[in-house]
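K.L.:
Starting off with a structure, shown below.
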Amino acid sequence: RAAQLPEPFVEFAGVYEELRAAAEDSLKVNVGDPQALRTHLSCTNLTQASSPRSPCFYPAEQLNSWSWDFTEFTVEELIKLAYDIFIVSGAMEDFQLQPKILRNFLTAAASHYQAIPYHNFNHVCHVLQATYLVSSHTAAVNVLTSLERLALLIAALCHDLDHDGHSNSFHVNSGSELARIYNDQSVMENHHCAMTFAILSRTDCNVLAVLSPEEQRTIRKVIISAILCTDMANHFALTQEFQKHGVVYEPDIEPDRLLLTKVILHAADIGNAVRPFYVNHAMSRRVHREFEAQAHEELALGLPVTFSVDTSDHVMCARVELNFLDYVVSTLWERLVDVLPELAPQMAQLRINRTRYRRIADTGRTADQVLAEEEEEQRQRQLMEEKPVSACAALEGRASTAPAGPSETQLGSIANGETCAVGADNEVSGFGSLTPLEAQISGAAAQEPRGMLVRPGCVPQGPHANSTMLQREADPDQLAQDSQM
């Protein structure tokens, strides 16, 4: 082809071909061979249970819960979690995905997440689960096509592929190779997209091979647009577009569906605060550690410091989190609740978490101290509610045998026509009830439906539940040790 060009362009054409080949090779380097992680999911483990949508590894109740704590899962456990999500979402059944191919794709993707504090495979699986819950357990399921929901799962799984712990600003300011390849535009997000399709180009990883050529073109468009919108530089433009759109999204209008897919993935990506506080706090500390490491590197290289945070200063970290919740997360999620009201409990949880960070910032107390104070306040409140009942029971000679009965909060719920039951531990059971304290500090009792929440004093559920997590996260000495690992 170069020989057919005029003489002055022959040399340029040769250089161009070399650059193009080098760029392609850079994307192919280290594209994960699934054989390297194949021991994680043996073929026998991939046999489905009673139905095509029955998960293989974890109970559906956990997979469908916003309160599930998997912040300490190993890579193997996370791959199993991702595999189960592709099952319970219906993607495996709808598109007849082959178990071995899906396993290969998941393990190859997992192998491309680096051991960095935040943008790792654990973060990605939180985004994957949140994306699944929003796209499959709300009215969005009636708007998006099954192909678009599959695209969202793949985009969520791959949206941070090969992230090196540096922001786009760092790459641009340092003039990195990736910044040169992508012309300083959404550097990391373009790289994540390229890596996604590099992995899918492997025959043994190509979960899209079952699709028609037209479907492959469609899903590629959705995956790329969704991943590119995770660039925080696009946040305010996306939020403004979302706010200007009405609350009704038509399944027959492609631009409506495309906007909704972009919003769902971005909301999931920044949505740690809609989970229980111990999950939100753990993830917050991790992202702060990553920014802190980048700031140290920027100083060493003489580059502008993109974002400065001192992880040993828990008050500063609380203020950083408050600003992020107020000016970034809340604006998008409030509108998302307008469009998908089923997510109101998650917005209530965000308000609870914000109240706790406000206490930390205002009082200087640690997260553990704030939670301990809340538990003591709740204990005192329960004692005050139980005293009249105990006194009446004593007068009737049955103080030692009579149950305490429902609290005033529970009686109020019954009076309001809410269907709830009093469990053996005197908690209101049902669809994730709020404790009286959480309802009070969030304003959710009067404004928000009850959501899937876990009390701050509860031990996190799951194979790696760790009741000392908050203490470890808030301990500066331990954080210093962690950063050296």
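Keep in mind that glycine also has a Cβ here, set from the backbone N, Cα and C atoms.
Nobody curates TrEMBL annotations by hand; they come from automatic prediction.
The feature active site, proton donor is assigned by TrEMBL to His119. What TrEMBL records for His123, His159, Asp160, Asp269 is Zn(2+) 1 binding site. The feature Zn(2+) 2 binding site is assigned by TrEMBL to Asp160. Sequence annotations record features per position, and here TrEMBL assigns domain 'PDEase' to 44-364. Feature annotation from TrEMBL assigns region 'Disordered' to 456-485.
Could you place these features in context, so I can see how deep they sit and what lies close by?
P.N.:
All protein chains considered, the CB of His119 (active site, proton donor) has 24 other CB atoms within 10 Å.
The Cβ of Asp269 (Zn(2+) 1 binding site) lies under 8 Å from the Cβ of Val127, His159, Thr230, each on the same chain and at least six residues away in sequence.
Counting every protein chain shown, the number of other Cβ atoms lying within 10 Å of the Cβ of Asp160 (Zn(2+) 1 binding site) is 26.
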K.L.:
Out of His123, His159, which of the binding-site residues has the smallest number of neighbouring Cβ atoms within 10 Å?
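P.N.:
Result for the binding-site residues His123, His159: minimum number of other Cβ atoms within 10 Å at His123.
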K.L.:
In angstrom units, rounded to an integer, how far apart are the Cα atoms of Asp160 (Zn(2+) 1 binding site) and His119 (active site, proton donor)?
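P.N.:
Between the Cα atoms of Asp160 (Zn(2+) 1 binding site) and His119 (active site, proton donor), the distance comes to 7 Å.
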K.L.:
Hey, for the Zn(2+) 1 site built from His123, His159, Asp160, Asp269, who else sits with CB inside 8 A of the CB center?
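P.N.:
Output for this site, in sequence order: His119, Val124, Val127, Ala156, His163, Thr230.
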